[in-house]
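Participant: Submitted below is the structure of interest, expressed as structure tokens.
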Amino acid sequence: MSEVKISAEPRTEFGKGGARRTRRAGKVPAVLYGHGEKPKHIALPAREFAAAIRKGGANQLFAIEVSDGTQVLALPKAIQRDPVKDTFEHVDLLLVRRGEKVTVEVPVELTGEAANNTLIVHDHDTLSVTADATRVPDHLEASIEGAEPGVQVTAADVALPAGVELAADPELPVATVTAAPTAEQLEATLPEVEEATEEAEAEVGEVTEGSEGADSAEAPGEETEPARTEA
């Protein structure tokens, strides 16, 4: 994987407030660490960082040039995202050197078409591998071409590029091929689904009726004004 050059600036504000201000300025709070160095807090340009991750994946190698003169190579170790806005909240970056071996999680993509009338269960969508820090693959591939029901693809079956070694258990299941349900089996489940739906609707009706009764009743602890009589 080719490295992406990106600029950064030292970060002097910390804590939640400082991080929010950094993000409002269009930057991503980040920290550089590793090789026994003291952690260095930096801010990355949000757009450039997001574009690099979209293209190269979570293991994109960055050549970072900090405005104070620091120049380093780093790999994302942990990325925090806002699940609603889908923006980057914070990034931990691991310092690496050329020729250094690193162990990372790499996505696994299934290739080919399994046999007809089958379902594919993707048991694990990433695998732990060891590779040169500058040659981490953006993904791995596992073939399910022609796979029949009962076939299980394990980590040992995944094709590894030259120089990449498997760090995960070779027997770790990656994908399992099962028989697709027949039309008869699907029809047999329909009465159960309909019955469950009817029961749920009945329960909702009971709750609604109970609520209406509660609304008309006197609230606990609430006093009513006594009736007045005229002399």
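Residue numbering: from 1, along the chain as shown.
The backbone N, Cα and C atoms fix where each Cβ goes, and this holds for glycine too.
TrEMBL annotations: computationally assigned, not manually curated.
TrEMBL lists these features:
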{"type": "REGION", "residues": "1-25", "note": "region 'Disordered'"}
{"type": "COMPBIAS", "residues": "1-14", "note": "compositional bias 'Basic and acidic residues'"}
{"type": "DOMAIN", "residues": "6-93", "note": "domain 'Large ribosomal subunit protein bL25 L25'"}
{"type": "REGION", "residues": "188-231", "note": "region 'Disordered'"}
{"type": "COMPBIAS", "residues": "192-206", "note": "compositional bias 'Acidic residues'"}
Participant: Please list, for the compositional bias 'Basic and acidic residues' (1-14), how many residues fall into helix, strand and coil according to DSSP.
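Facilitator: Final tally across the stretch: 0 helix, 7 strand, 7 coil.
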Participant: Can you tell me the mean pLDDT for the domain 'Large ribosomal subunit protein bL25 L25' (6-93)?
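Facilitator: In the predicted model, the domain 'Large ribosomal subunit protein bL25 L25' (6-93) has a mean pLDDT of 94.
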